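Annotated in TrEMBL:
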{"type": "COMPBIAS", "residues": "1-10", "note": "compositional bias 'Basic residues'"}
{"type": "REGION", "residues": "1-26", "note": "region 'Disordered'"}
{"type": "COMPBIAS", "residues": "13-23", "note": "compositional bias 'Polar residues'"}
{"type": "BINDING", "residues": "His37, Leu39, Gly64, Glu85, Asp113, Asn128", "note": "S-adenosyl-L-methionine binding site"}
{"type": "DOMAIN", "residues": "44-213", "note": "domain 'Ribosomal RNA adenine methylase transferase N-terminal'"}
Amino acid sequence: MAGGKMKKDKPQRGSSSASSNPHFQGGISFHKSKGQHILKNPLLVDSIVQKSGIKSTDVILEIGPGTGNLTKKLLEAGKSVIAVELDPRMVLELQRRFQGTPLSNRLKVIQGDVLKCDLPYFDICVANIPYQISSPLTFKLLAHRPLFRAAVIMFQREFAMRLVAQPGDTLYCRLSVNTQLLARVSHLLKVGKNNFRPPPKVDSSVVRIEPRGPLTPVNFKEWDGLVRICFNRKNKTIGSIFRQKSVLNILEKNYRTLQALQFSEKAPSDDMEMALDVSTLGESFGDLSMDADDGNDDDDIEMDDGDTKRAEFKEKVLAVLKEGNFEEKRSSKLAQADFMHLLSLFNKAGIHFS
């Protein structure tokens, strides 16, 4: 409650303050600041489990199980559940709920931060996660080895729509491109805010993520360096973006440094080595501010051609764009194959992004 003092209502006879508070369940208070929004609609829980395609032999990873409403259905559908929970109160509630039941020996609870702990083997991940960890968790899962079959995750609606966005869509962004490089992503369900206790401020969506294997043969740091630059002003032409002084300065610095080191790029030798770099694709995604195309042109100053070496390098960059016919194209319309082709042309010319 903003401003003033909150008036405390006297509990009615025959009821407790905990049971009358919508942010309580079983005597446990939920913290919105920690992203604790518990699924309360049993029909929705059933629908998520059904659409997950769980097999009776599956080891299921659940992240943020809360009080176990989804956990129970997962235990009934699969072989076992590994639940990762940060809040010790929820861990105790989860253990208490299943203690002494036939399901207890098929549940393993790990107390800790899912972003910091090593994940065990699992076949499928089904989770209603705190929305503030959406991006780092997505890429942590995609970096996990051995590959799992699928992840079915509840996200904030706008984040989910960015994940599944296609070239030309309003929400198509760096997150879309990087995720779809590593996985097939599909939208399963829209979920209204009133299906949670306490209700979040925004609606949600359930998304299915299926990792691609084997990994695309690309240097992920190079890839993300290119994509990051292109989506910094995604509605401008590629030619305009690569004429910016700030962009050319970065690329020229890389170019001169690699020349001095007599750099010879080598592709990663195996799938595991490439996987180690996957997490870099999820770095620096602010909550939902993944594109800086906000009309601010402060960085759009073109390179001054006065310096001969700089002028030559600028022409080298523009020659690459011309060769691939990219000068008048826009990042918001480019598909995976287009970015892959553009990166290969730059690397062929000795221009690198990491």
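Placed from the backbone N, Cα and C atoms, the Cβ positions cover glycine too.
Structural mapping of features recorded in TrEMBL.
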residue	record	Cβ contacts under 8 Å, 6 or more apart
Leu39	S-adenosyl-L-methionine binding site	Val45, Gly66, Asn69, Leu70, Asn128, Met154, Asn195, Phe196
Glu85	S-adenosyl-L-methionine binding site	Gly64, Pro65, Gly66, Val91, Leu94, Val109, Ile110, Gln111
Asp113	S-adenosyl-L-methionine binding site	Leu86
- Task: Using all protein chains shown, find which of the binding-site residues His37, Gly64, Asn128 scores highest when you count other CB atoms within 10 A of its CB.
- Result: Asn128
- Query: Across the listed S-adenosyl-L-methionine-binding residues, His37, Leu39, Gly64, Glu85, Asp113, Asn128, what is the farthest Cα to Cα distance, given in whole Å?
  - Reply: 21
